[in-house]
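Here TrEMBL flags 1-18 as signal peptide. As annotated by TrEMBL, domain 'Major facilitator superfamily (MFS) profile' applies to 10-481. According to TrEMBL, the feature transmembrane segment maps to 58-79, 91-111, 117-139, 151-175, 207-230, 295-316, 331-353, 360-382, 388-406, 427-450, 456-477.
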Amino acid sequence: KMTLPLALVALISAFGSSFQYGYNVSVINSPAPYMQDFYNRTYLERTGVPMDRGFQTLLWSLTVSMFPLGGLFGSLLVWPMVNNCGRKGTLLINNLFSIAAAILMGTSELAKTFEVIILSRVLMGIFAGLASNVVPMFLGEMSPKNLRGAVGVVPQLFITIGILAAQILGLHSILGNAEGKAVAQGLSRAAQGEDFPQLTQCCDLAAGWPVLLGLTGIPSLLQLLTLPFFPESPRHLLIQKGTEEQARRALQRLRGRQDVDDEIQEMYQENLSEKEEGQFSVLSLFTFRGLRWQLISIIVMMAGQQLSGVNGVFYYADRIFESAGVHSSSIQYVTVSIGAINVVMTLLAVFIVESLGRRILLLAGFVLCSASCALLTLALNLQSTVSWMSYLSIVCVIAYIIGHAIGPSPIPAVMITEMFLQSSRPAAFMVGGSVHWLSNFTVGLLFLYMEAGLGPYSFLIFCAICVATVLYIFFIVPETKNKTFMEINRIMAKRNRVEVQESKELRDSYPLSRQEEKKSLSSSEM
């Protein structure tokens, strides 16, 4: 059952880490014009000449793309950090990146420096790269097998809540309108013959965006203050640290009961079956035959998740709605409503992942995404000739978001936790995370060129990727719901055609449970 400590640790780690990943993905979309204006003004004040258009585009591209690049660096830190500092320790240290970046971004305008914003985006990326891998690992290792899927989807739920929060706070009526009014006043004064510095002052008064960027430090601060009161991952304590007593105490607290012998025994079994292999590095993960299909599966699922065009659809959404006749001033509210659909469908995934299973959600999600992409291509091509096609394109966007939110977005990270045992899991997350961020970066980089060259047909490429991923999952990926890590390991061992190290000495190596100790004591007294 779900206990209060488990629920709290899931909420604190997801709000403190995953929420900020989502928040920083979309936080710069809304204030982009104001930030670019700030880049211009700062450059003008320093050099006395306005910024070259090409240079401004380059700076803005760097501001956007440094986040996924930082994410890749963060993913590369996963293996050394979780093995040396533990799962909880890594999350706590990680907060320092976020707090430093929040302070730098929040004060960037006062300091009149735009370079700091670009540096902070790298720091936030490193934070998100670590968070997006360590939170699912931490929560997956803490959850009982019947709740592992539901708890594993919680980080993705908070990523979508973070995206929505940034969209809502970025509305022109919240952290936008004050700026707009002040700038407008400044312009009207300038038009009446007042001097230029007054306009600059007005713009300075107006900036709500540093607050918007700096807010990201608050969840980190909360996590830094509360997470130390919760236990470390019991599997890490027992299998990697070898401290059974601490692991037992952590489990008793998380499960809300004293008798946790079954789980302790399962951990010993896992530990024993892995003794021969030792700790996996990324290199040994790629060369070890016993994990071949698991590794291919996570690479396919993580690449499929990002290359299925989710960023492209979000990017296109505004224009699709505009072409359907939605007024340009209302588009930001439409974007918020898409963000809300994303949250609601991910919340639904939390509740259905244990009953329907992982496989069904992945397959259904990718099938819905591929159908939406194919129809979207058709609708975008015909909307100039057939009037109602623009409404079909809106339906396609919403269907795509629903499909992605129930399967492709939340499930791959859950599957990495489940398909790997303790010794190989950090290296697996490092590989999965790197594929995730590289694919994200690639789509961000290439989509503008694809769209310029292919127009609506670029969605056919995404459609093909979704279909390929569906076929792979259908034939290769097993159902993992309600199975222990060892049971999943046995299923995959058959696929890899290797023997699982099952141990008969398990009973000897596993310390006697408290009840057995009592029994042997009472029988010796008789």
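Every residue gets a Cβ built from N, Cα and C, even glycine.
Please treat TrEMBL annotations as automatic predictions, because they have not gone through curation.
Recorded stretches compared: 91-111, 151-175, 360-382; the one with the most Cβ pairs under 8 Å to the transmembrane segment (388-406) is 360-382. The stretch with the most CB contacts under 8 Å to the transmembrane segment (151-175), chosen from 58-79, 91-111, 117-139, 331-353, 427-450, is 331-353. A contact between the transmembrane segment (456-477) and the transmembrane segment (58-79) is absent, since fewer than 3 of their C-beta pairs, 6 or more residues apart, lie under 8 Å. For the transmembrane segment (58-79), the partner stretch with the most Cβ pairs below 8 Å, chosen from 91-111, 360-382, 427-450, is 427-450.
Spatially, the transmembrane segment (427-450) is not adjacent to the transmembrane segment (91-111); fewer than three Cβ-Cβ distances between them are under 8 Å for residues at least 6 apart in sequence. Under the criterion of 3 or more C-beta pairs below 8 Å, with sequence separation of 6 or more, the transmembrane segment (91-111) and the transmembrane segment (207-230) qualify as touching. Same-chain residues lying 6 or more positions outside the transmembrane segment (360-382) and placing a CB less than 8 Å from one of its CB atoms are 301, 304, 308-309, 313, 320, 349, 352-353, 389-390, 392-393, 396-397, 399-400, 402-409, 411-412, 455-457, 459-460, 462-463, 466-467, 469-470, 473-474, 477. Same-chain neighbours of the transmembrane segment (295-316): 285-286, 338, 362, 366, 369, 373, 376, 397, 400-401, 404, 408-409, 411-412, 415-416, 419, 428, 431-433, 435-436, 439-440, 442-444, 447, 450-451, 458-459, 461-462, 465-466, 468-469, 472-473, 476-477, counting only residues six or more beyond its ends whose CB sits under 8 Å from a CB of the stretch.
When averaged over the domain 'Major facilitator superfamily (MFS) profile' (10-481), pLDDT in the model lands at 88.
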